[in-house]
Amino acid sequence: GCKDNFSANTCKHVKANNNCGSQKYATNCAKTCGKC
């Protein structure tokens with residue numbers, strides 16, 4: 001499945017700060033980071 005395990009607000013900041021390359025965030029913010 002494709003979902004964000006972290007809060008939407010957290011993932012929004014992750015994407016805004018270009019942190020989707022981090023394995024932790026790519027996994028836990030999969031939907032927001034588009035890693036589906």
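Every residue, even glycine, has its Cβ placed from backbone N, Cα and C.
Copied over from Swiss-Prot, here are the features:
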DISULFID  C2-C36  disulfide bond
DISULFID  C11-C29  disulfide bond
DISULFID  C20-C33  disulfide bond
DOMAIN    2-36  domain 'ShKT'
SITE      F6  site 'Important for binding to potassium channels'
SITE      H13  site 'Important for binding to potassium channels'
SITE      S22  site 'Important for binding to potassium channels'
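For F6 (site 'Important for binding to potassium channels'), the nearest neighbour among the disulfide-bonded residues C20, C29, C33, judged by Cα separation, is C29. In this structure the C-alpha atoms belonging to C36 (disulfide bond) and C20 (disulfide bond) are separated by 12 Å.
As a whole-number mean, the pLDDT of the domain 'ShKT' (2-36) in this prediction is 97. A helical conformation is recorded for C33 (disulfide bond) in the three-state DSSP classification.
If you take the Cα of S22 (site 'Important for binding to potassium channels') and the Cα of C11 (disulfide bond), they are about 12 angstrom apart, rounded to a whole number. Each of the recorded positions F6, S22, C29 was assessed for Cβ neighbours inside 10 Å, and the highest tally belongs to C29.
For the disulfide-bonded residues C2, C20, C36, counting C-beta atoms within 10 A of each C-beta gives the highest total at C20. When the alpha carbons of C11 (disulfide bond) and C33 (disulfide bond) are compared, the span between them is 8 angstrom. C29 (disulfide bond) and H13 (site 'Important for binding to potassium channels') have their C-alpha atoms 10 Å apart, to the nearest angstrom. Nearest in space to C2 (disulfide bond), taking C-alpha to C-alpha distance over the recorded positions H13, C20, C33, is C33. Mapped onto three states, the DSSP output places H13 (site 'Important for binding to potassium channels') in helix.
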